[in-house]
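Have a look at the structure below before the remarks.
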Amino acid sequence: MQLNIPTWLTLFRVVMIPFFVLAFYLPFKWAPLCCALIFVLAAVTDWFDGFLARRWKQTTRFGAFLDPVADKVMVAMALVLVAEHFHSWWITLPAATMIAREIIISALREWMAEIGKRSSVAVSWIGKVKTTAQMLALVTLLWRPDDIVSGIGIAALYVAAVLTFWSMFQYLYAARHDLFEH
C-alpha cells in the first residue's frame, strides 16, 4: 500500500494525540498553551487531509477508514482531558454526551453502510457547525489562560452539546425507516 500526503496527514493527527495528552499533564505554566497548540495543529490536519484528498483525487479506502477514527479519538481524548481538568458535572455531562453521540453515529453510519444506505447519514451542515463549535470549545478549554477565555470555551461547549443532540436526532430521523423496519 502506497501512502499519499492526505493519508500521512491523517497518520500525523493520530501521532499527535499522545503528545497533546502528555502536554496537558506537564508541570509547567506553558503546558496548557502547548497542549492547545498541538491540538490545533492536529485539528488543522483534519481539514487539510480531506481537502487535499479530494483536490488531488487521492481518496483511499484506508484514508476513508482512518480519517473519522482519528477525528473521534482526538476529540474524545480532548473532551476527557477537559472534563478531568474542570472536575465538575456541568463540564463532564456535555463532554460525555458528545462522546456518546460520536459512538452512536459512528455505529449508525457503519450499519447504514452495511445495508447500502450510507448516503442517508452523510455529514450534514449542522454536523459541520457542531464540529466548529466543538473545536472552539476544546481549544479554549485546553488552553484556558483566564476566566474570560474559559467562559467562552464553556459557552462553546454547551453550543456544541446542543448541536450534538440536534445533529444526532437528524441522523437518527434520516435512518428511521431502516432502523424500525419490520
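Along the chain as shown, the residues are counted starting at 1.
Cβ atoms are placed via backbone N, Cα and C, with glycine included.
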Problem - membrane_side_equal(Glu84, Asp178) from Swiss-Prot - result: yes
Handout entry: Helix, strand and coil totals (DSSP H, G, I; E, B; other) for the topological domain 'Cytoplasmic' (1-12)
Key = 8 helix, 0 strand, 4 coil
Fill in the blank from the handout: Here the stretch out of 61-81, 87-107, 146-168 with the most C-beta pairs under 8 Å to the transmembrane segment (13-37) is 61-81
